[in-house]
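Worksheet for the structure shown next.
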Amino acid sequence: MLDTSIQELIDKWQKYLDLQRNYSNHTVISYNNDLKHFLEFMNYYNSELVTINHIKTADIRLIRSWLAKRNCDNFTTSSISRGLSAVKNFYRFLEKTTQLNSHIIFSIKSPKKTKLLPKALSEDDVVISLEHIEEYGNVKWVELRNKALLVLIYASGLRISEALSITKLHLQNLEFIRIIGKGSKERIIPWLPIAKNLITQYLEILPYKLGDNEPIFRGKQGKKLQPPVFNRELIKLKHFYGLPQHLTAHSFRHSFASHLLEHGADLRSIQELLGHKSLSTTQNYTKTSIKHLEAVYTTAYPIKK
């Protein structure tokens with residue numbers, strides 16, 4: 001429960017993030033959830049309905065208590081950092097639009113993130129997944145949708161959000177897909193015939209009519225398919241076939257990059273295909289590839305036995 005004036009500020013802030021800062025819909029939603037979590041904690045902390053004055057006078061002890069609460073609630077370091085960034089962003093917005101100046105929150109540093117290397121699947125696990133994902137749909141068009149989507153992600157290295165944004169217009173180019181990724185950065189990815197053919201087969205039996213600009217991957221009720229729904233299909237697959245715990249839609253993007261690297265692709269090309277802003281992000285895949293080689297060496301090299 002929020003004070004009306006605060007809710008109005010939040011609504012204006014969300015429009016600012018969307019229209020002026022060009023944040024993705026996913027980021028706006030995440031930031032909004034983080035801010036509401038902060039305000040709910042402030043409600044509890046002050047034992048009364050939060051007002052704009054509470055927000056302006058929030059002290060460092062309250063903010064640190066909120067961060068500690070998120071840590072106790074098993075939020076990841078990344079989620080805690082994002083939450084603090086969201087609240088700082090809101091306070092910056094208040095500086096622009098109200099009389100708030102130099103709030104103490106800007107002196108608080110985000111917790112250091114643990115750098116996790118991307119986890120790829122083995123090529124065998126990818127093959128098993130692609131061969132059997134059709135078994136989890138109960139309806140023919142859903143089964144074909146699942147396979148087309150998974151093949152597209154692995155064949156093109158797309159993020160799940162990017163894959164779910166594919167429209168009929170993307171299919172009109174016979175050679176390339178134009179993708180708008182993070183930060184509204186455009187990249188061009190070659191169409192693999194197997195992915196395009198599966199999508200075409202899926203669209204032929206899809207029971208819903210779509211306009212050229214509508215996302216082609218649909219849920220059972222005809223609405224745009226959401227990432228959690230597809231990941232639930234992958235959970236069923238993972239459990240039945242005893243596949244790795246880290247198998248998610250995103251792990252197929254990691255696998256795309258790792259397998260290209262293992263088969264001789266250069267880092268710059270992989271960077272372009274993934275849409276990474278920095279080469280250092282792509283270089284993480286060299287570390288996972290080295291770990292893969294070490295594992296092979298340890299288990300298979302004759303002199304070690």
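Just so you know, the numbers here start at 1 and follow the chain as drawn.
Yeah, the Cβs are placed from backbone N, Cα and C, and that goes for glycine too.
According to Swiss-Prot, the protein carries these features:
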ACT_SITE  R159  active site
ACT_SITE  K182  active site
ACT_SITE  H250  active site
ACT_SITE  R253  active site
ACT_SITE  H276  active site
ACT_SITE  Y285  active site, O-(3'-phospho-DNA)-tyrosine intermediate
DOMAIN    4-95  domain 'Core-binding (CB)'
DOMAIN    116-298  domain 'Tyr recombinase'
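R159 (active site) carries neither a helix nor a strand DSSP state and counts as coil. Per-residue pLDDT, averaged over the domain 'Core-binding (CB)' (4-95), rounds to 89.
When the active-site residues K182, H250, R253 are compared by the number of other CB atoms within 10 angstroms of each CB, K182 has the fewest. If you take the C-beta of R159 (active site) and look for same-chain residues 6 or more apart in sequence within under 8 angstroms, you find G181, K182, H250, R253.
Under DSSP, the residues of the domain 'Core-binding (CB)' (4-95) split into helix, strand and coil as follows: 77 helix, 0 strand, 15 coil.
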